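According to TrEMBL, the features are:
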- 1-35: region 'Disordered' (REGION)
- 16-30: compositional bias 'Low complexity' (COMPBIAS)
- 37-104: domain 'Agenet' (DOMAIN)
- 117-172: domain 'Agenet' (DOMAIN)
Amino acid sequence: MGPSSAIQRRKNTTNSRPSASSSHSQPSDPTEFCPERWFETNSEVEVLSKEEGFIGSYFAARVVANMGDNYVVEYKELLEDDERTLYKETVMAHEVRPPHPNKTLPSSPSGSSANNQKFGFGGLVDAYDNDGWWTGVVTGEKGGFCAVFFETTSEHFAYPATHLRPHLDWKKGMWFPGKNRRRFLHGNPNFSEAMTEVILYEKIEQSK
């Protein structure tokens, strides 16, 4: 399951999320920097999902309540079933991080904070789709579009380059760039350069 089909399942399964255990209340090393527990009410954050079908997805949110091991968050883009009310849920503290430095949501294929960012083969990126950012690997670029392969689901889609941002990991209060996945692509039986060409061609034709 990837960005094209996962959102509704997320809403249907969040009530069964495991609650945080007491082991999360303190870091194993008392001197370790744990910024995920420092977010105050109304802080802007991103929520990383580690549920099956959502691994590698990030959703912009606002902290509604800090409960120690957990946060209550209100998503900026996800809506309740009434399609009017912003969706709220309780998430574990280690799933919450600051907003990505490039936090502006793309409004159209020609407008995004990514601007003229170039993404090379094997580059790790986040693609904006279905109200969230999904981590994938760039497999090709043509005509202002990039093909992105999602490792967890073996799905392959093309996006406007303006809908991508460099993938960054948040660790101990610092941002770290994602490692290039070129070697992974060459060794993955579900990836082919021919498929990259096909999905880029189809996307370009659809945009005309």
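The backbone N, Cα and C atoms fix where each Cβ goes, glycine too.
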PLDDT averaged over every residue in the domain 'Agenet' (37-104):
89
Kindly report the helix/strand/coil residue split of the domain 'Agenet' (37-104) according to DSSP, in that order.
4 helix, 35 strand, 29 coil
